[in-house]
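Lifted from Swiss-Prot, the feature list:
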ACT_SITE  Pro2  active site, schiff-base intermediate with DNA
ACT_SITE  Glu3  active site, proton donor
ACT_SITE  Lys61  active site, proton donor
ACT_SITE  Arg274  active site, proton donor
BINDING   His103, Arg122, Arg164  DNA binding site
ZN_FING   250-284  zinc finger
Amino acid sequence: MPELPEVEVVRRGLEDHMVGHTIVSATVLHPRAARNQLGGGPEIEANIAGLRVSAAKRRGKFLWLELIDAPSGETRPDLGLLVHLGMSGQMLIKEPDAPISPHLRAKIELDNGDEVWFVDQRTFGYWWLGDLVDGVPERVSHIATDVLDESADFSAIARNLKSRKSEIKRLLLNQEIVSGIGNIYADEMLWQAKIHPLQRADRLSLARLEELLQAGKDVMTKALAQGGTSFDALYVNVNGNSGYFSLSLNAYGQTGEPCGRCGTQIVRENFMNRGSHYCPNCQKRR
């Protein structure tokens with residue numbers, strides 16, 4: 001599943017290509033693309049035409065387009081089109097005569113003639129049109145801030161983590177504590193901070209927990225600079241190009257490879273129906 005850096009890459013692309021433009025029409029081609037919308041695809045199609053995109057925003061793994069009523073001159077957005085990429089979703093900028101993808105699920109036509117395609121092979125992603133509450137789509141208002149958010153309070157997040165007796169990796173994957181972190185970046189930030197994924201959070205000092213969050217910010221900033229992590233053609237930017245941070249991974253997917261710090265072989269253990277990758281020497285469980 002695309003994590004924070006991959007979603008941010010898409011958000012930046014949509015910002016470049018959509019902000020300031022008016023939506024001429026929208027077409028939802030597959031019911032699963034609007035499965036969470038009351039009224040389904042027709043509800044989106046009927047209510048989005050004529051609106052102008054004023055901003056592209058993100059929180060964690062969710063992104064949304066802020067929409068304003070262009071004819072009225074309204075400048076304060078109160079409506080948003082939420083986009084969740086799911087496992088394989090892509091938001092692509094296309095010319096009108098582009099060959100149609102067999103996995104095209106929905107599309108938007110802009111006033112400059114460009115089309116914005118939602119392509120989703122596995123159909124876990126979706127669009128949702130709804131109200132913004134304090135600038136965030138109502139549907140994801142419960143999602144926590146992420147480590148790249150300027151408003152993120154690392155001290156407060158660290159205190160929240162320390163108050164829990166669960167494994168630190170399990171907590172990092174909880175989007176209501178800190179958002180945007182999935183399996184890849186959890187492994188990478190734990191490796192950088194030298195913390196075992198099964199270490200109980202309440203046994204870590206507040207200072208160590210803040211170091212871990214800073215490690216997450218550092219790792220994701222580097223990943224973002226490289227276009228995110230792409231293991232196949234499903235994770236791409238709005239122009240269809242893949243990122244290359246997979247070449248810089250230190251833990252995730254590195255089973256049997258020497259640790260970049262000490263040379264010990266990286267190991268993989270099953271955790272929460274997925275794998276945890278770590279160095280048994282650098283990341284000792286305490």
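Even glycines carry a Cβ here, placed using N, Cα and C.
A mean pLDDT of 96 is what the model gives for the zinc finger (250-284). Counting other C-beta atoms within 10 Å of each candidate's C-beta, the recorded positions Lys61, Arg122, Arg164 are led by Lys61. Most Cβ neighbours within 10 Å, among the recorded positions Pro2, Glu3, His103, Arg274: Pro2 holds that distinction in the structure as shown. The DSSP secondary structure for Arg274 (active site, proton donor) is strand. If you check the recorded positions Lys61, His103, Arg164, Arg274 against Glu3 (active site, proton donor), the ones with a Cα inside 10 Å of its Cα are Lys61. Ranked by CA distance from Arg122 (DNA binding site), the active-site residues Pro2, Lys61, Arg274 have Pro2 at the top as the closest. For the zinc finger (250-284), DSSP puts the residue distribution at 0 helix, 12 strand, 23 coil. Those residues noted as binding DNA (His103, Arg122, Arg164) have their most widely separated CA atoms at a distance of 42 Å. Here the residue listed as 'active site, schiff-base intermediate with DNA' is positioned 7 angstrom away from Lys61 (active site, proton donor), judged by their C-alpha atoms. Arg274 (active site, proton donor) and Pro2 (active site, schiff-base intermediate with DNA) have their C-alpha atoms 15 Å apart, to the nearest angstrom.
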